[in-house]
Each structure stands twice: as structure tokens, then as C-alpha cells.
Amino acid sequence: MALFRALYIIWVFLLIPLSNAEEFTPKVTRTLSRYVFDIVNFDDSNTLIRAEEDSVEISFDAGENWKTIDEIEEPIESFVVDPFRGHDRAFAFVKTAPKFYVTDDQGKSWRPLTIPISEKASNYFCDVTTHPIKKKHLIIRCDLLTIKNSGLMYVGREIYTTNDGVSFSQVKPSFGKIDGHISTARCDFIKSSEDSDLGGNDASILCLFRNTEYIESTGSTIDKSELILSADGGETFKELVQFKDKVVSRYEILKHHVIVLTQDDMYNEMSSTNIWISNDVSTFQVARTPTKIRHVNMGQIHEDSIGRIVLPVSRERDDEDSNQPGAAEVLISDSEGLKFLPINWIPNNQFGYINVAYPGFLKGTFFGSFHPFIEYSDRKRKYSRQKVREETKVSVDNGLTWTNLKVVDRENVDLFGCDVTKPERCSLQTHFYDLRNLNPSAGIMMISGIVGDGSAYNWKEEKTFISRDSGLTWRLVHNSTGLYTTGDLGNIIMYIPYRSNENGDVPSKFYYSLDQGKTWGEYDLIMPIYPYRLVSTISDGSGSKFILTGTSITEDPIFITYSIDFSAVFDYKSCEEGDFEDWNLADGKCVNGAKYKYRRRKQDAQCLVKKAFKDLSLDETPCNSCTGSDYECSFEFVRDAKGDCIPDYNLIALSDICDKSKGKSVLVKPLQLIKGDKCKTPMKIESVDIPCDEIPKEGSSDKEIVTTENKFDFEIKFYQYFDTVADESLVMLNSIGDAYISHDGGQTIKRFDTDGEKIVEIVFNPYFNSSAYLFGSKGNIFLTHDRGYSFMIAKLPEARQLGMPLDFSAKAQDTFIYYGGKNCESILSPECHAVAYLTKDGGETFTEMLDNAIHCEFAGTLFKYPSNDDMVMCQVKEKFSQTRSLVSSTDFFQDDRKTVFENIIGYLSTGGYIIVAVPHEDNELRAYVTNDGAEFTEAKFPYDEDIGKQDAFTILGSEEGSIFLHLATNLESGHDFGNLLKSNSNGTSFVTLEHAVNRNTFGYVDFEKVQGLEGIIITNIVSNSEKVGENKEDEQLKTKITFNDGSDWNFLKPPKKDSEGKKFPCDSVSLDKCSLHLHGYTERKDIRDTYSSGSALGMMFGVGNVGDRLLPYEECSTFLTTDGGETWTEVKKGPHQWEYGDHGGVLVLVPENAETDSISYSTDFGKTWKDYKFCGDKVLVKDIITVPRDSALRFLLFGEAKNMGSGSFRTYTIDFRNIFERQCEFDITGRKRADFKYSPLGSRTGCLFGHKTEFLRKTDEKCFIGNIPLSEFSRNVKNCPCTRQDFECDYNFYKASDGTCKLVKGLSSANGADICKKEPDLIEYYDSSGYRKIPLSTCKGGLKLDAHLAPHPCPGKEKAFREKYSINTGAYALVFVTILLVIFFVAWFVYDRGIRRNGGFSRFEEIRLGDDGLIENNRTDRVVNIIVRLGLCISLITKSAFQRAKAGTAQLSSKFRARFGNKKGATYSSLLHDQLSDEPDGFHEDSNDLSSFRGQGSNSEIEQEDVDTSQQEHTSRTDLLGASNIPDALPARSASHESDLAAARSEDK
């Protein structure tokens, strides 16, 4: 039956002949082309132009005949018809040359003009901007491209001004090109239309040049811009001084205003934007918006009929492939253009896409559509149903009131799925895309849409509707959608469907109406067409000719153009006076203080108007009495929920009304007449008394601080920011399950509409910072991947929610695991168990992955070098059992399942490791570690006398290849403490860093690594741990700090005076008795609060006291350090909460556990503090937060106002942006850095971790930092030689009181052969020296405490080891024997010829120098005798020297005996042995002696047998001490190496 009715309707509309034009058929001319898609037409003419492959053709008879334009010789890239002279002038741009052609006579003649482009290119894409009045003034823009690597590469854009081609002048910025091209280059005439109020000098031109430089190392950008103005048609330009130090992103020129957008942060292209407004192009003012604006849809900015600016604001898409439109908000200014407020009809303050259309020819009329960003997934088709309804509305009073689009169509009422007589529930829903190019008419318009309640929008069900009363009521005209346009001011309507039927056939006919849509005729086309474009030949819609373009359905597509002419309809008859009727705009209501009436053709009149729209009669009758619709709120006021104008104290602070007032209050009228309103008799407006005593005065910095208050009936229990630089989005949840979303740091907050479903939990994705998941109480999960701008609703598996957190893949955003309960009618049922459900499509579908799983990790995405990228590990707890096992799989447990451990306590991942706690005998724990998912190694904890059973441990995180772990040694409730341990690089071997470190019953530890700085850790220790362990005393906590990753610890140095300038009670030189102590991690209300900030380098706040121990929290004060913990200052008495902003450029404190109305803030790194009153009544501030990166200038306070009834829970957003004069200047090249300088932290100018590091700090407190990644630009000045500070004790070694690493008594060092198991390719290993290098250290050379001694072969690699170190004995033996033979022959020859035949050795002492008794018969004899004499001489000298030395030694020994009575004192070696020797024996005693590692050589280089023991005992103690190179702070060698030391020192001398 329904099908029959639909067919009947189609027959009624399409097949009934037109009674008023029965014989008429429009004139249709077809043009075919294979090379051109579009054809250009001149206004109100039959002249068409098209470009073929090698020529340009023109037709003067609507396409019937074509001829080639001989003047145009090159291939044409594009045509542009002058929008102000569309009947005559057009431009044709050449593709391969900087050249274009101009016609001023509708194409009859053409003249060429060549652009003097400064750079060569292979392709040119140019366009032109013409002046609305001065015909000869042109602006030419050309984009240059060149061929590179068989593709086109963008070269840049050049802009020229010209006086009709007589001369060209290039417009360039002063800063020139950067990185090859300027990213933005644009110029426009200030006078954008003939009726523009701007441009007193019609030749004025505004130009913007902008360059965006990308910093690859940090991923950030630096923007630079220049906004220039010409008052002489482009001959000279001057920069607008107001924007000299700002980054101008874009501008827009309207009829009454020029809008300029400046970027708040030049180092963040996604930063918020300031909107500058001018109506004279000489002075600009910053417009006031409800919140900071980030993304403005510049192409959609327009002005309404009273000059108000309509400003569409959008979000930036995170996913370019998203099929959802960008979220948006529409702001409308006041009539001055300086205060913007959001459109006031959006349902439930929801987020969504808002489209606002304003037909300029209908005064006061707005159309608006809202598309919510909440989609529902039914697991079969994505986004199939929406939970939040769409809304489509119309306003005829400038947006003051809005109504639904009412459908009035009795004939078709059965075709709609709802009752159209009830428009509040059944109305026309549309997106108004079609209204953007709507032709002017007197209230006649067409639109595509559906009829419904907004709960579903199926694009396939769209139909076409018509209205004759400017959109108030609508009627169905076509059961399909397609292209449509109007002519003769709505008296001719053309329509062609996209598809001719439900089968999708290509349309072969178009439809037309000559009675304003009442009846329709049809025309059969010669060739079916895929329609692309249907337009009137006259831009204002007053013509009777149309152009239809598209493609054929042939295998080889042909471009088709139909020229359609209705000018002969009604026998060319023009309408007379009797053919017109009055039509009242806005249903006869007053609009802008006047009633408007059009004269339009009667619907059934048999004529055409044949007039331009501007010539259509419009009667304007001012209204006698002004009403509320003629007024708007004064600048200092805003409308409340009731529509009343109430004072806004932020706006009052921005205005100057209180500065001009001499009293404590000022009278201000809350309403002002809208600028340009026509009403005659003004309303009587009563002034409002505004108190000024709490308004900051002019010149006060408080005047620039902006505070926004929001009230809630229920307490906000959860809140968290998305960690991105795109904006300051956060999600909040109150105590009854209502979620709220803000995108501006809490300044504007909207409740998240879940259709009545309460939110029970919110989870953020730790790997993808824009994603969050909201769990509903009815089994739905709300997912967002764009920081809460849009949501998809997924139905959770049919399982009970167990409240277990999701587990996410680190590499796939849409992949996560949800845990639900099966057989859980009762949570206590023995059959109730958890099931892990896997989704890979963001929740659209879930599959059951593993039964009884309670915790899983995507292990393959966590490791740096995973054994399998798809590996998943799960903790499984079987039903009816308390035992938990660890299993793994590489195919999500489809076919592969491996049991890793049969029985575990639990496991977790941190920094590329997975650590498993496994139960051991005697109720102990053992930890196993893996960094690839395949091989697990038991973590070796150090032996220590205070470590008993391994009952509990806490993983504190990992960094730079080491795991920090707290091993509990005392687990008595309220008296928990343990040892702080640190692992080696593979996480398997731990050493003790500190004893008795405080923890609480929940396993949290007073341990915090200072963010952004290497190796600085703060802990609290139980100083009386022995007595606490014996239950004799309560815990006494002390705070310690390390600057070298735990190797050395010290107490915090206290400040000399407190915040009031008084000395502290204790003043001891011993830090053990007088130091600073801070309350730590175990006492925090929110574990996200930290001492430090990763962006405020070196800064830390803490609540504590100066003394010998930590006092209770309420007795403490607030302290600050700016040098990483080296020195501290008390900044406030009493405990305070703190927060960092602008990388530490703004520090904020608020009292804790006390009601207040003020905060304290500092802009000079804590040197001075100011108070700011942020509210009238005192509140208890529960928390103060800002973005996770601490880079924003907005802070959010959560407070509770006691005894104030409804709305007692409040948030305050405090914005400090305006207190800074400018943004700090930062030069990435390092050539200029006026606002920053490099310096070390505190007095640590030496080396730390083997290098000297300097950090950037701003030098001018008047500027803000913004998104400059300062931490990325810290620099290592140099690497340093290794010192003791670069080493820590190895496994089974402990740090003794003298600073050396000693082997634990009774234990041996770690088995060096273990590394052979980890690295199978190794063939050798080394024994431990007792020291290992700190992973953070980059030192080179110097002390080598970890120096390896003799290598050992790895098990099974003995042969390779021998081959590596073996010697080629054969070759060495041959050389050695050869040398021996030569020596033997020479010795024998000298003896035989020089000694034996001269009498032998018996004559040796008788020979004298110069004696001629030697036989010399020839030259050989003489050479031999010379050798003999030389040997004799050396022998005599040596003998004589030895005898003299022997005599002198005997004499000196005799003198000493006589003086000291032969008493024998201890030598240096024996002294060191007696006083400083170590207890351990054997090889590992070397680890106690630092001097043994000083040189590059090994012990084997020292020959012990060369030094006689008796000689050492007689050696002067004084001389040895003088020769010693051992530092005073370091012990000497043990007894077993005394001779080595003495020998080495003797050789040095």
C-alpha cells in the first residue's frame, strides 16, 4: 500500500502537465568535450568558453556553435570571470608560463599580459583578485611548481599588483624566504564589495605573509608573520605596528569589519587565538570571547543584516581518515563586533557539528543544524544510530528565538514516519549545505532533508522540500535528492536528481517549475548524465538561463554541458503590476526595528519578472515601539539562563567603567540598543548598581587575570586532562555519575549527555593521549579519540562489569582488552569468573579471548626487542582455585597458548620490562624479569643483614636501563619500611641504594625522581628503624636526596631563614641534626601530585619543616627549590597546594585544608609573591591542577563553599595570559636568544654523570614561554673523565663508610659467566671488579673502577677463546733462533779476533786506553779492537760507581743508628696495612682500593721481585709520603699489594 502511494505521488508531481506552460519547452543545447570538465559563462549572456587540449574555444549562441580563439596560443590552466564585471571581463591563465589573457568585451577580443616572475618554474597556477570599483586595479597570485624526481615540487607563491598590466609590482615580506618558501602569502583589497563601509581609499590592500619553521628534533614549530597595508594600490607597503611582535595566522575582510587572527603561542600552531576587530583598518581591538578560540573556519565567517559577525569555530581533526565532520561552535558578536557569545539553541549544551546558514537577502533570518558527536555501534554497521538527537531550527529575529522547521503537507502526510502536526517532535531535519549558494528570492528556497524527531538521520531517505515563506514551513516536492537552482527570483526552478530511481540509474531528464514549485514539468535529455553542477547564468539568480554539466555513462566518459534557456516562456511576457503580491518577511514581525515587505510575483502569474534582485521592491516600515529584541546586553553584561542581562565581572574588569568611577560603585544600563536598529521609541532601561571595590584598578596586574566560576550541585570526584598540546581538554565526573567535558581548562564546561545512563568509571589510554573510555551503568562504553569532541557508543559484551581496568596496545589505538564477568548473577557465586574480551576496532566488535583472565598485557608492543610483536601475556585465575598462573600467546590464544609460570602472585610492566612475582618456599616471594617476553631471569637481590624473607616489594619504575625496587624489610602496619634497590641494565641483578626507606601499608613508597633532571631522587627514611622494628618507638622520618642516581645520599640543606626573615630553631653544622624534611608520596591525597615538574626544570615544592625529624603535616610550611634540590627557601607558612604553569614561569600556591578566597602567585621563579583574590566568598580548595605538561597559563581550582546550599561545589579557572606583555623570543639557531640564557643548576658547575649540562632559563619575567620545549634544548657542555661519582657498587658488594665498595662477608661476586647465557655470541667474560658504571653516566677515561681483569672463556667456547688469544709459536721461534745465531756469531767473532789472540781475559785489566799492544793487521781488526775498548771502559765506570754508592750508604746508616738509637718505626706500607686494611681476602680486595684503578694498565705490569723487602723497610717514610699520589679521601691498598705499590712508586721516581 505504501509503495502504491509513493508511486502515486511521483505520478502526481512528475506526470501532470503544466497548465500555465502547456506548450512550452525550454531551449536546450548540448556541448560534448573530452578534455574539459567545466565551461565558463558570462553573466546574462549566451557566451560560453571552454578549453580543449591545445586550444580555447568560444560560443556566442549557448554552445550551438564553437570557434577557436586565435589570440590565445598556449594551453590554458584556468578561467576566471570578474565577479564585479561578469557580463564582460574574464581572465585566462596559461599553465606553462607566467602569462594570462584578458577580455573586456565578453570574449570577442583578448590581450596578453606577462607576469615578471622572479623564479623559474615548470608550472604556474595563478589567479586574480579584482577591485569592485576601480577596474584597472588587479592582484595576481601565482603558485610556482617545478618538476623533480618525476613529480611536481612546490617552489613558492609570488604576489603582484598591477594597473591593468601596464606595470607590475611584486609584494614581498621583509623577512624574506625561510626553508625554501613562505607558507602563507595572501593579498586582498580592503574594499571587498561595492557597498563596503571600509576602504576610504579605494586602493587600499592588505597582505599577510607567514612562515612556519618545523623543528625536527622536537616536533614543534616556530611561526613568523608580517601583516602589511598599502594605501596607494600596492606601490608601497607599511607593516601594521599593532601586529609587529605577534604571529598573524589569518585575516578576513567583510563588509563592515576586518578580522585578524593572531596566534597566542608562536611555537604551537594549535594554540589559542586572539580575534582582532577593526572597522577602519587603522585601529584594532581584541574581541571578547567566552573562552579561548583555537580553530576558526575563516571561509565561513560572515556578517548578518545588522553587521554582527558570525564566527564558526571548529576543532582540528586528529584522524584525517575520520568520516565524522569536525566539531564546531558558532559565536555571534554584538553589533559593535567586540563581544562574542555562542548561539543559544544547542540542545543540552552538547558537543557536535553546528552549521549555520544566513541567506543575506532575508534580513534577520538564520538557519541552524546540530549534528551530535555521539554515535552508536551495533557491531554490524558503524554509526548506525545516534543517542543524542539532531536538531534543525530557523530564526527570523536575528537568532533571538528559534523554532523547528514545520512541514505543512497534507497530501504527503502518510509518507512521513511521525506526526507533522506536532513540529516539536516531528519536523524537517537538514544540514543546510545547500543554502550556501542559494540564489536570492523573496522567500522561495529548496532544501534536502528528512522528516523525523532527529533521533536518526539516514542519508538514503533524504528528499527534496520547498518553502515559500523563508523557511518557516516546508512542503515535499521530490522523493529524491539532486541538484537544484532558481531563476527569475524563484519563479523558475530547475531540479535534476542524482539518481533517476532506486536502482541508481543515471538520470536522463530534468524537472522544472514555473509556478514556484506548485507543479512540475520534465524534459528528456538527449544523453543521460551524471550531474555535477547546475547554476544560473546570472549570479543573483534573476536570469532565465542555466548551465548543467556532468559526464556521460559511456565506457570512455565524455564531458557534457547542457545550456538551458527559459527566456521564451510565457511568450517572453514580462510581469505587470497586477502580477505582484506583497510578501511579509518574518511573518510580518519587526526585524531590526522595522517591518519588511517584498513585492513578488504571484504564484500562478503567467509572466517573468526579468529584474535583478537588487531592483526588487523592498518596503521598510520602522516599528513604533522598541522591544527587547531591539536590544542587546551592554558590554559588561551577559544573558543568564532566563535571558536576563546580568553583570559579568570579568567583562567589568576589562572595561574602564570602574576606573572612571570616583565612588565605590557605578550605575550601568544592562541593555543597549542594537547598532543600526530602526525602532522609534526606546524602552526605559533601569541602571544597575555595580560595586567597584573588588574590581582591580587600571595598571594593576590583577586587572589582567581572568577568573571563571562554574557551580555544581554534586562534588566532582574525578578529573583528568588529555595530555596534548592541541588544547586544554579534560573530563570530570561527579559523585552521582554525571560526566562533564571542557576544552579550555574548565572555563566552559558542558555536561556529557548519556541519555540517562550514569558513568561509573573513566579510563584514559596511556599510549594515545587523545583517547578516553567512559563506562556506563547500562553496559555501554563511550569512546573518544579526539579529546572528548566526539564519542562512539559501543555495547559491552553480555557480561557483568567487574570494574577492572582496560588493557591497551601500545601501538594500535583501537585495540584493547575488556574484562567482564560470566555466570555472575551474584558476584559471590563460585561460578562467577572473569573473561578477557578483545577488540581491534575500537569497541565495535568484541571477541572472547581468554577465560579466567584477570590481567593481560600486549607484551609485544612494550619491549624494545620483543621475541614476537603479537605476544600477549595474561594472568589467569582458575575457578575454584586461588592459584594464579602466567600464560602467553602470539595469536591471541586462538591456537597458541604457553604457560610461563604455574603459580604467581602477580606481574606488571615498566619501562620495557615485565616483572613477575612468584611465590617461594617459606611464604617468600621471588621476582623474575624479562625484556623480550621469551626468557625470564630471576632477579638477584643483594644479601643484607636487615633483609629477611622477601615478603613484599614495590616496583618504583625504570629509567635509563635500570629498575628501581623497594624491598620491604618491616611490614608491621603503620611502621612499614624497607630497602631501596636498583638493578643492572637487564633488570636481573640488584644492589642496595638506601636502607629503611619509608612505605605505607598499600605499598606506596616515599620515593620520587625529580622530573626532567638526571639522577636526582628524594626519599624519606626511617631514622630509628631498629627501635621501630622492635616496637619501641614510632617512626621518625628524615628526607634524603641523591644527585647521582642513588650512589650517594645526603640530607637536604635547610634555608638559613624562614619566610618571615627569622632564623630556624636549629642551627647545627651537622645535617643529621638540622636539615629540611618533606612529606612524601605516601601521604598524598592525589598520587598524581609531585614535588617537581618535567617542564619547570630544577623546581620543586614540598611541605615540611627544618629540624632533626619530620613533623606532622599541619605543623609544616611550604618550601621551594629552583636548583634541583641543592638549596631551599621557605615561601609560605603552613601547608599549601602548588601548581606549575608556563614551564615554571607562573607558580601558584593555595592554602591546604583551610578556607580561602585568594591564591598566591609568582612570575619570577619564586623570588617574590603576590596575592590574587579569585572569589567573593571563602571556599575550601580541594585541589589545583593544570595541563600535565605544566605549560599552560590557566589553572583550575576545585572548591567547596560550606553552608551555601545548592551549587556549593565550584570550579575556578584562573587565566594569567594577560599579565604578560609578550611571548619570549627564542631563536632555534642560537644566533639570538635575548630572553633565554644557558646556565647550570645551582652551584653544581662541575660534572654530573660524566658531563657538564646547562639548561635554558628565561631572563625576562614580563614575557611568557609558551610551547617552547626548553627541556629539549638543554646542552652538554662537555664529557668529563670518570670519577668515583660515576660508579656504584656491583651485585653482592656494599658501600662502606669510607666510600669503597666491599664484598659482603661470606658471599662471592656475581658469576660473570651468566652474561654468556644472555648473549650466546660472546666467547669470553670478565670477573666483577666490585664496581659498575652508573647507566646515566657518559664519562670517558679517567678512573676505571669497573676495569675488567683477565678474561675467561665462556662455557663451550674454550676453543674459540684459545684461537683468539693463541700465539703463532713457529714464526716467533724462527725469528728468535735467527737473532740468537746472529748474536752468537758476533760475540764469537769479537772474542776470537779481539780478545783470544790478544792474550785472553788475563790481559783484560792490563789493557789501557791508547795502548798499542793490540794486534791490528787490517780494518776488521781495528773495528773489533774499538768494540773491545768500549766494553772495557763501560765496565770500569760501572764498577767504580757501585763502590762509591756502597760506601755512602754505609756511612748514612751509621749516622741514623747513632741518632735514633736503632729504634725502628713503621714504614708507610705497614701503617696503611695496620690502619686501613680491609677484612676480605683474595682477589676482591682490589675493589676496596681506588688507586689500583688509576692507570690504564693492569697489575701484571708491576714486577714485585725487583724490590727487596729489606730495602722497603729501610726506605724513608717521609720520601714515600711525598711521592704518594693517593688522595686523602681514598684508602690505600691492602697488605697483599704493598710491595706492588712501593715498586710502582719507586719506578715513578
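Yeah, the Cβs are placed from backbone N, Cα and C, and that goes for glycine too.
What Swiss-Prot lists as signal peptide is 1-21, and the listing cites sequence analysis.
According to Swiss-Prot, the feature topological domain 'Lumenal' maps to 22-1369, an assignment based on sequence analysis.
The DSSP breakdown of the repeat 'BNR 1' (57-68) into helical (H, G, I), extended (E, B) and coil residues amounts to 0 helix, 5 strand, 7 coil. Per Swiss-Prot, repeat 'BNR 1' is recorded for 57-68.
Listed by sequence, the residues of this chain that lie at least six past the ends of the repeat 'BNR 2' (101-112) yet keep a Cβ under 8 A from its Cβ atoms are 42, 45, 47, 49, 58, 60, 69, 71-72, 87-92, 94, 164-165. Taken from Swiss-Prot, the feature repeat 'BNR 2' covers 101-112.
Applying DSSP to the repeat 'BNR 3' (159-170) sorts its residues as follows: 0 helix, 8 strand, 4 coil. According to Swiss-Prot, the repeat 'BNR 3' annotation covers 159-170.
Residues 134, 137, 139, 161, 163, 169, 171, 173-174, 187, 201, 203-209, 281 of the same chain lie 6 or more positions beyond the ends of the repeat 'BNR 4' (228-239) yet place their CB under 8 Å from a CB of it. For 228-239, the entry in Swiss-Prot reads repeat 'BNR 4'.
Remote same-chain partners of the repeat 'BNR 5' (393-404), defined as residues 6 or more beyond its termini with a Cβ less than 8 Å from a stretch Cβ, comprise 304-306, 308, 332, 343-345, 364-369, 423-424, 427-428, 470-472, 585-587, 589, 591-592, 629. Taken from Swiss-Prot, the feature repeat 'BNR 5' covers 393-404.
Marked as repeat 'BNR 6' by Swiss-Prot: 465-476. Assigned with DSSP, the residues of the repeat 'BNR 6' (465-476) fall into helix, strand and coil as follows: 0 helix, 7 strand, 5 coil.
The N-linked glycosylation site annotation in Swiss-Prot covers N479 (among others).
Look at Swiss-Prot and you will find 511-522 tagged as repeat 'BNR 7'. Secondary structure of the repeat 'BNR 7' (511-522) per DSSP (helix as H, G, I; strand as E, B; remaining residues coil): 0 helix, 5 strand, 7 coil.
Summarising model confidence by region, the repeat 'BNR 8' (740-751) averages a pLDDT of 91. According to Swiss-Prot, the feature repeat 'BNR 8' maps to 740-751.
Residues annotated as N-linked glycosylation site in Swiss-Prot, with sequence analysis given as evidence: N769 (among others). Around the Cβ of N769 (N-linked glycosylation site), a 10 Å sphere holds 17 further Cβ atoms from the protein chains shown.
Among residues of the same chain six or more beyond the repeat 'BNR 9' (837-848), those with a C-beta under 8 A of the stretch's C-beta atoms are 377, 379, 382, 781, 783, 785, 792, 794, 796-797, 799, 812-820, 892. The repeat 'BNR 9' feature in Swiss-Prot is assigned to 837-848.
DSSP assigns N986 (N-linked glycosylation site) to coil in the three-state reduction, outside any helix or strand. If you look up Swiss-Prot, you'll see N986 (among others) marked as N-linked glycosylation site, on the strength of sequence analysis.
Counting same-chain residues at least six beyond the ends of the repeat 'BNR 10' (1040-1051), those with a Cβ under 8 angstroms from any Cβ of the stretch are 962, 964, 980, 982, 993-994, 1014-1021, 1071-1072, 1075-1076, 1124-1126, 1244, 1248-1249, 1285-1288, 1295, 1334-1336. The repeat 'BNR 10' annotation in Swiss-Prot covers 1040-1051.
Taken from Swiss-Prot, the feature repeat 'BNR 11' covers 1119-1130.
Counting only same-chain residues 6+ beyond the ends of the repeat 'BNR 1' (57-68), those with a CB under 8 A from a CB of the stretch are 27, 29-31, 39, 46-51, 107, 545, 561, 563, 565. For N479 (N-linked glycosylation site), the number of other Cβ atoms no farther than 10 Å from its own Cβ, over all displayed protein chains, is 18. Its Cβ taken as reference, N986 (N-linked glycosylation site) is surrounded by 19 other Cβ atoms within 10 Å in the chains shown. Packing against the repeat 'BNR 6' (465-476) from elsewhere in the chain are residues 9, 359, 362, 365, 367, 394, 396, 403, 405-409, 412, 415, 428, 443-449, 493, 516-517, 583, 585-587, 603: each is 6 or more residues past its ends and has a CB under 8 Å from a CB in it. With respect to their backbone Cα atoms, N986 (N-linked glycosylation site) and N769 (N-linked glycosylation site) stand 29 Å from each other. When the Cα atoms are compared, N479 (N-linked glycosylation site) and N769 (N-linked glycosylation site) turn out to be 45 Å apart. Residues 1010, 1013, 1016, 1018, 1041, 1043, 1052-1055, 1057-1059, 1076, 1078, 1097-1104, 1144, 1147, 1165-1166, 1241-1244 of the same chain lie 6+ residues outside the repeat 'BNR 11' (1119-1130) yet bring a C-beta within less than 8 angstroms of a C-beta in it. For the repeat 'BNR 9' (837-848), DSSP puts the residue distribution at 0 helix, 5 strand, 7 coil. With DSSP classes pooled into helix, strand and coil, the tally for the repeat 'BNR 12' (1160-1171) is 0 helix, 5 strand, 7 coil. DSSP assigns N479 (N-linked glycosylation site) to coil in the three-state reduction, outside any helix or strand.
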